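Colleague: Take this structure first; my questions come after.
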Amino acid sequence: MKISSGLLTGIFVIALFILLFFTGIAYRQMQSLKASERLISHSYDVNLELVKLFSSLKDTESGQRGFMLTKDSMYFRQYISSWMAAQNSMDRLKVLVKGVKSQETTLDTLFNLITLRKSTLEISMQLADGKVIVPESVVQNMNEGSQEMEMIRTQINSMTANEKELLAIWKNTYKKDINVAPITYLIVILFAILIFIFSFYKISQDRTELQKANNDYLVMNEQLMFKNTELKKSEDRYHLMVSEVQDYAIILLNNEGIIQNWNKGAEKIMGYSEEEIIGKPISVFYSKEDIARKLPEQLLKEATINGKATHAGWRIRKDGSRFWGNVAITTLRDEDNNVIGFTKVTRDLTSQKEAEERLLEYNRSIEKKNIELLASNEEIASFNHIASHDLQEPLRKIQTFISRITRENSEHISEKGKEYFARISTSAGRMQQLIDDLITYTHTNRADKVFIRTDLNSLISSVLDEFKPTIEEKKAVIRTEHLPTLSVIPFQFEQLFTNLIDNSLKYSRQNVSPVITITSSIVDAHKVPGATLTNPKKFHRITISDNGIGFENQYADTIFTLFQRLHGKSEYSGTGIGLAICKKIVENHNGIISAESIPNEGSQFHIFIPVEV
Amino acid sequence: MNQPPLHVLLADDDDDDRMIFKDALEEVRVKTRLTLVKDGIQLMDYLLQDDCDYPGIVFLDLNMPRKGGIECLREIRSDKRFNNISLAIYSTSASDGDIEDTFIKGANVYIRKPNDFASLVKILEDVITINWQYHNSDLNRENFVLSI
């Protein structure tokens with residue numbers, strides 16, 4: 001049961017008033033009871049005094065009579081003292097009935113009668129003074145006195161009756177009061193008990209709640225203390241961590257950019273100790289130029305707007321040397337979103353920056369070299385062009401003039417001369433071929449290599465078309481398996497197959513029809529001679545086999561070298577460039593070419609091209 | 001055969017080649033008259049003169065001093081007055097680049113100078129007897145290079 005403290009106070013105030021009210025009633029009843037009691041005892045006193053008065057009056061009469069009869073002064077003294085006692089009682093009664101109107105008037109009447117009686121007694125004594133026989137006047141007087149006594153008695157009785165009536169009334173009131181009082185007290189006591197019980201209940205309840213709340217509070221307090229300790233520990237750890245961080249300068253700034261906090265990293269990077277830097281503005285780390293263009297202010301402004309600002313640039317150490325700082329500024333705000341400061345984390349990336357610059361420098365030098373290389377390549381290309389053109393021109397002319405001589409003047413030339421002219425022409429032709437091959441060879445170096453997915457079957461068949469006259473002439477048989485589709489430079493692969501097939505047709509055995517077989521398979525890298533095992537893992541192997549004159553296996557590598565010839569020029573035509581071109585082409589395709597042979601049985605040329613993943 | 005002789009012009013800086021060409025042309029069984037110039041400047045001077053006798057076909061060497069064949073080709077093909085002149089490239093080398101370039105720039109035929117005099121005569125005869133009006137309409141790369 002929850003009672004608000006206001007309501008509770010109200011209840012208690014009302015209860016207090018009720019209690020006071022009942023207590024008031026009880027008090028008044030008490031007072032009334034007391035009054036009734038007093039009145040009752042007063043009434044008894046009045047009756048007693050009346051009886052005493054009457055008795056005293058009788059005593060006066062008996063004293064008077066005794067004195068009149070004996071003339072003994074003892075009786076007179078009795079008479080006097082009785083009057084005094086009567087007077088006493090009268091005074092007492094006067095006091096006692098004061099305030100009771102009816103009794104007062106009755107008492108007045110009584111007192112008048114008593115005064116009359118006294119005078120009657122006095123007269124009797126004077127009349128009888130000195131006389132032995134009681135005169136008539138005395139008797140008469142005594143009769144009068146007897147009547148007066150009777151009247152006094154009546155008066156006293158009336159008073160007593162009156163007093164009785166009053167007593168009855170008071171007794172009744174008293175009785176009533178004495179009946180009501182316990183109820184009132186009971187009510188007061190019960191009500192007090194009720195309030196007491198309620199208060200006790202309330203207090204004990206509040207106490208329980210308070211106890212519980214107190215316990216809760218204690219537990220909470222303990223938890224809070226624990227958390228606080230943890231927090232403190234964590235904060236300490238954090239502070240320690242921040243202060244111990246060596247590679248980052250972690251600085252706390254106030255909202256005006258004044259340094260508030262400093263760590264080891266900051267000391268290490270910037271060179272200032274904590275004492276000399278705290279209270280300084282961050283602009284001390286910036287160069288004059290950066291300060292002039294208000295970079296520090298701009299960064300703080302940016303951080304204020306965006307919550308964060310980052311910047312990389314040269315900063316100044318205490319000793320004036322510079323370092324490449326990578327700065328991140330984060331804005332700190334309070335609960336009302338007011339900027340209270342900034343954290344500034346700076347990293348010294350000078351070595352990285354320098355490495356980067358070295359790399360840039362290196363790249364620039366490579367670029368320069370590349371440009372030089374390109375220029376020299378272009379020079380070679382133009383040299384090639386000129387060479388092919390200008391070197392071939394004289395040869396062509398030699399051949400043309402020889403052809404004119406042998407055509408137009410053949411009858412004037414001896415047979416020997418004709419043979420010499422033929423030899424000159426052949427030499428010139430060989431030289432022309434050499435130049436052509438060299439051009440082709442340098443051509444395979446050109447940078448404009450465009451790889452296109454090419455079906456090698458159709459590529460081979462177009463190459464074979466070119467050889468049709470030779471194939472027919474030599475009655476050659478060409479067998480081709482299904483070949484893969486590869487990403488290659490088409491004109492180079494055409495050249496490659498042309499050279500290899502040309503080779504096989506050229507170096508055929510006399511009186512043996514050439515048989516050329518072209519096969520294809522996929523092999524693992526470890527089966528490829530000279531291949532690095534790491535990458536790629538698989539290769540296409542295209543093999544061109546013939547049944548020609550072959551060669552000693554010891555020459556298997558040298559045949560791919562430029563101008564290497566194994567046979568005399570007179571036996572077989574050839575410039576010694578063809579296989580060098582083949583090697584270059586295969587290498588252009590990240591491949592490997594190899595050859596194996598058994599003399600007079602045939603040769604095998606293997607082309608290995610990496611399988612695309 | 002009362003047709004006027006075909007006006008042939010050769011631009012070539014090489015004395016020998018001019019001589020061989022002249023001799024070969026004389027053996028061609030078509031009546032021709034030959035004008036010889038030694039380089040591109042002379043060629044353009046000749047063509048741009050007033051009351052010029054326009055040749056029917058110009059044989060153009062590529063490698064010439066002062067002004068080369070490619071430049072002449074471009075200038076001729078950009079001038080409407082020379083619309084009726086056929087252009088034959090006549091060069092020692094036949095690189096893919098040169099063939100491509102001259103084809104795009106509007107040459108009619110590409111001749112590689114042959115080693116043999118008889119071949120030259122035959123080629124000249126073929127070139128001269130081609131009906132260029134007809135030939136131009138289906139000019140393509142395949143028949144651009146005249147093989148020996």
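Using N, Cα and C of the backbone, Cβ positions are placed for all residues, glycine too.
Because TrEMBL annotations are produced automatically, they should be read as predictions rather than curated entries.
What TrEMBL records for this protein is below:
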type	residues	note
TRANSMEM	A:6-27	transmembrane segment
TRANSMEM	A:180-201	transmembrane segment
DOMAIN	A:234-290	domain 'PAS'
DOMAIN	A:309-361	domain 'PAC'
DOMAIN	A:386-613	domain 'Histidine kinase'
Colleague: So what's the average pLDDT for the domain 'PAC' (A:309-361)?
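Modeller: The predicted confidence over the domain 'PAC' (A:309-361), as a mean pLDDT, is 88.
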Colleague: Pull the DSSP breakdown for the domain 'PAS' (A:234-290) and write it out as helix, strand, coil residue counts.
Modeller: 29 helix, 12 strand, 16 coil
Colleague: Give the residue counts of the domain 'PAC' (A:309-361) per reduced DSSP state, in the order helix, strand, coil.
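Modeller: Its residues fall into 12 helix, 30 strand, 11 coil.
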